[in-house]
Amino acid sequence: MTAILERRESESLWGRFCNWITSTENRLYIGWFGVLMIPTLLTATSVFIIAFIAAPPVDIDGIREPVSGSLLYGNNIISGAIIPTSAAIGLHFYPIWEAASVDEWLYNGGPYELIVLHFLLGVACYMGREWELSFRLGMRPWIAVAYSAPVAAATAVFLIYPIGQGSFSDGMPLGISGTFNFMIVFQAEHNILMHPFHMLGVAGVFGGSLFSAMHGSLVTSSLIRETTENESANEGYRFGQEEETYNIVAAHGYFGRLIFQYASFNNSRSLHFFLAAWPVVGIWFTALGISTMAFNLNGFNFNQSVVDSQGRVINTWADIINRANLGMEVMHERNAHNFPLDLAAIDAPSING
């Protein structure tokens, strides 16, 4: 009898836990994805803060030349970063217990791998939590779909690219200057500016900014006046009101006359879908571009593609970009190799007579 009561009590505790986890009445929704999201993001955040402040230099290139990234080792907020895991580790799973000591783990950049893997798992669970809450509230799932764009971008630079290049040392450093370094080296090695998927991503980000600004300014300019001239127009809105807060007909007419009639949406739902879809699709393409360039399917190469009737090269902007790429690659990992791969690929002459 005692055993039966204990089992019922444990089932009751589990049931209460399940109801609490999945309740939409909580101030912050947890959900089953949140059960995994909370510890992974807390771990990633805690280790990032500690490592950014106090981590010792990391031998990123695996050539016994450590690179400093933390504040206590001479960096500031701009130059500081979590240095990627050493090339000596490659793609190996490198938890603390795999190192001979904590000092060795820190020297080989173990915190980077720990942070990145927990972060990616955490943001993926955050996306799942968005879907879970939408499902329980009877909403459509497009919030999680939109969030999949930055999740895909983060996965591309922190996981797919290192896998394609063969080492976590090629991942994006977790810092401002480190991000810029990653971008410059990526351009030097993959000519990303000449990749059509990157171009679509630029169109998505800048186009999304333009459309967001246009929409916000049109709505703000066509608000239905509910206040006097001495009051803020914002005071005329009450949360949850059934009436439209702006005149979509006036906004449609203005924009149609400013550009042309069919440039303006006459359906508020299709308009907002477009505002969401444009940047999301653009960032999807950028993430896909990073993922293909990870395996060295690089941007277009139009170097020396224009010649005159005598066969002399007429330089184009593509040739200028190529020259810049070579210069950037020479400066990258300057002690690990002396020449860009493009130049070093030529067979050296024999010196044996």
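Every residue gets a Cβ built from N, Cα and C, even glycine.
Feature annotation from Swiss-Prot assigns chlorophyll a ChlzD1 binding site to H118. Per Swiss-Prot, the feature pheophytin a binding site maps to Y126; the stated evidence is sequence analysis. Annotation comment: Swiss-Prot describes H215, S264, F265 as quinone binding site. Annotation source Swiss-Prot lists Fe cation binding site at H215, H272. Residues annotated as phosphothreonine in Swiss-Prot: T2. The site 'Tyrosine radical intermediate' feature in Swiss-Prot is assigned to Y161; the stated evidence is sequence analysis. Per Swiss-Prot, the feature transmembrane segment maps to 29-46, 118-133, 142-156, 197-218, 274-288.
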Ask   = What else in the chain is close to the transmembrane segment (142-156), if you only count residues 6 or more beyond its ends and a Cβ gap under 8 Å?
value = 119-120, 123-124, 126-128, 130-131, 134, 276, 279-280, 283-284, 286-288, 290-291, 294
Ask   = In Å, how long is the longest CA to CA span across H215, S264, F265, which the record gives as the quinone binders?
value = 11
Note = Lying 6 or more residues past either end of the transmembrane segment (274-288) yet within Cβ distance under 8 Å of it, the residues of that chain are 142, 145-146, 148-150, 152-153, 155-156, 197-198, 200-205, 207-208, 211-212, 215, 265
Query = Which of the three DSSP states, helix, strand or coil, fits S264 (quinone binding site)?
reply = coil
Inquiry  = Given a Cβ distance threshold of under 8 angstroms, which distant residues of the chain, six or more beyond its ends, lie next to the transmembrane segment (118-133)?
reply    = 24, 29-34, 36-37, 40-41, 43-44, 47, 139, 141, 143-144, 147-148, 150-151, 154-155, 158-159
Note = Min neighbour Cβ count (10 Å) across binding-site residues H118, H215, H272 flags H272
Message = With an 8 Å cut-off on Cβ distance to the H215, S264, F265 Cβ center, who else from the chain surrounds the quinone site?
response = M214, L218, A251, H252, F255, L271
F265 (quinone binding site) versus the residue listed as 'chlorophyll a ChlzD1 binding site' - Cα distance in angstrom = 42
Key: Neighbour count (Cβ, 10 Å) for the residue listed as 'pheophytin a binding site'   = 19
Query = Per residue, counting other C-beta atoms within 10 angstroms of the C-beta, which of the recorded positions Y161, F265 reaches the highest number?
reply = Y161
